[in-house]
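*Asks:* Structure incoming, see below.
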Amino acid sequence: MDDLDALLADLESTTSHISKRPVFLSEEPPYSYPTGNHTYQEIAVPPPVPPPPSSEALNGTVLDPLDQWQPSGSRYAHQQPPSPLPVYSSSAKNSSASNTQDGVGSLCSRAGEEEHVYSFPNKQKSAEPSPTVMSSSLGSNLSELDRLLLELNAVQHSPPGFPADEAESSPPLPGALSPLYGIPENNTPLGGKAGPLVKEKPKRNGGRGLEDVRPSVESLLDELESSVPSPVPAITVNQGEMSSPQRVTSSQQQTRISASSATRELDELMASLSDFKMQGLEQRVDGERPWAAGWPPSSRQSSPEGQDEGGFMAQGKTGSSSPPGGLSKPGSQLDSMLGSLQSDLNKLGVATVAKGVCGACKKPIAGQVVTAMGKTWHPEHFVCTHCQEEIGSRNFFERDGQPYCEKDYHSLFSPRCYYCNGPILDKVVTALDRTWHPEHFFCAQCGAFFGPEGFHEKDGKAYCRKDYFDMFAPKCGGCARAILENYISALNTLWHPECFVCRECFTPFVNGSFFEHDGQPYCEVHYHERRGSLCSGCQKPITGRCITAMAKKFHPEHFVCAFCLKQLNKGTFKEQNDKPYCQSCFVKLFC
């Protein structure tokens, strides 16, 4: 410690003439080491200014620039052997050099958490100090700035609106980087490997809100800005490899952070503190399927060591130490999630009014609601009574107070087609005490659809007019076609009026009198002709006495000699060439 005090005294005496406004070397292109969300930019170490002693002279060792960027316990692949690191707390030291180190260490810790870039100058400065750089001394403003930084560090670790534990008992920040100066964890060395950097969130205390911390921080910011003149001086932090004897020299790598950058970082910190609760709430709402995410919202518990819940919420996790061992039923998980959501909303002062009671599960509805059949339902509970599928926005049918999807309703309750036995979904034809699809109701004989004339039924089947009369209507005795309208009944047969005529000459019968021969109607002439009862002489029917000769029939007065025309009433005649002759005429003509 004596060597350290001597070293700090030398540093203060040799840097007393340096201006509080060093040159900002922003034009040099730095290169950086990516470390997660942080970027540290490292530049070659500038040569020592001639008046102050060099780093080698003070420490007696030669430092390799690459070794200077190997912080113990950091996330880089090559690690330095563990060595005791300086411990910085939020309490002020007596000496001004210690105050400077504490204040700068706290500022580096806060700035590192806010994900800003630290720049190191990469330009070889000349041995002669620039006129614009030189000034009388750091003065009282630098000491005032150190004091404000110490107070800011104390406020950040123990804000007035939230109770804070002492540095020795508080749990470590999750994933704090060892190159950043922080508070040791229960006397544990800071050389261990740390996790990823996570923003520190204040603890909740009862019903106090996050806005309770704003007045003190904003007043500190106003005091900080008023105490630092413009242009704002950069705070130079000598960062190098830490060994047992602490070595801090002006020739090592320098880190500068302006007051405007610190103000911007604190504004972003306050914005994140104000929003972290709503982000945690949204993450639980988005995790509506807890069995898929593996973290049910209801399993949120506080750490037994009193860990800050906000730190876990920043990583998108709840405060439970491990995921659940098994999966419960989706219904119980949904109920647990809704109950947790309701309680969280009540804690935030958000009044939620149930939109009704579900008609299936009889529980209040807090999210989407389906209104149907005079009731309210959870969307997942409004299902088809038969297939149990969610109806959603599809059409449904109600029967006996129960909802059915369109498919099951038609399958169960719709009328069936007599032809195909399928359910009738749209238009229906009712005929012959049965129901039919319109496209399946057609003539049983020809398959034609029925027109305006309708159909005729025979033996339980439907026929068109033509096929029905062709198959089942009475047939005409004359033309053998169906009789559709008027008809004549004669000879035990039905006849079309135009078909009831003489079957020989097709002459209609006068006064309805006709002669029947072999079941067919004839006129008188053709009737006697068919029977052979016509007079061979006059070709008229014989109604009375007749003479039969030469296989013919004659009226008595018409049976005469073919030459002299005398009546052959005696019954004697001569026949020649199918003609009758008397005896005398026959002798004269043929003898």
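Glycine too: its Cβ is placed from the backbone N, Cα and C atoms.
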*Asks:* Among 21-33, 216-228, 281-293, 411-423, find the range that Swiss-Prot records as motif 'LD motif 3'.
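*Replies:* When 21-33, 216-228, 281-293, 411-423 are checked in Swiss-Prot, motif 'LD motif 3' belongs to 216-228.
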*Asks:* If Swiss-Prot is the reference, give me the range from 265-276, 493-504, 505-516, 577-588 marked as motif 'LD motif 4'.
*Replies:* 265-276
*Asks:* With respect to Swiss-Prot, which of the residues S83, S170 bears the note phosphoserine?
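*Replies:* Of S83, S170, Swiss-Prot lists S83 as: phosphoserine.
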*Asks:* In Swiss-Prot, which of these is labelled phosphoserine: S158, S322?
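*Replies:* Per Swiss-Prot, phosphoserine applies to S322.
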*Asks:* Is it possible to list how many residues within the motif 'LD motif 5' (333-345) are helical, extended or coil according to DSSP?
*Replies:* 13 helix, 0 strand, 0 coil
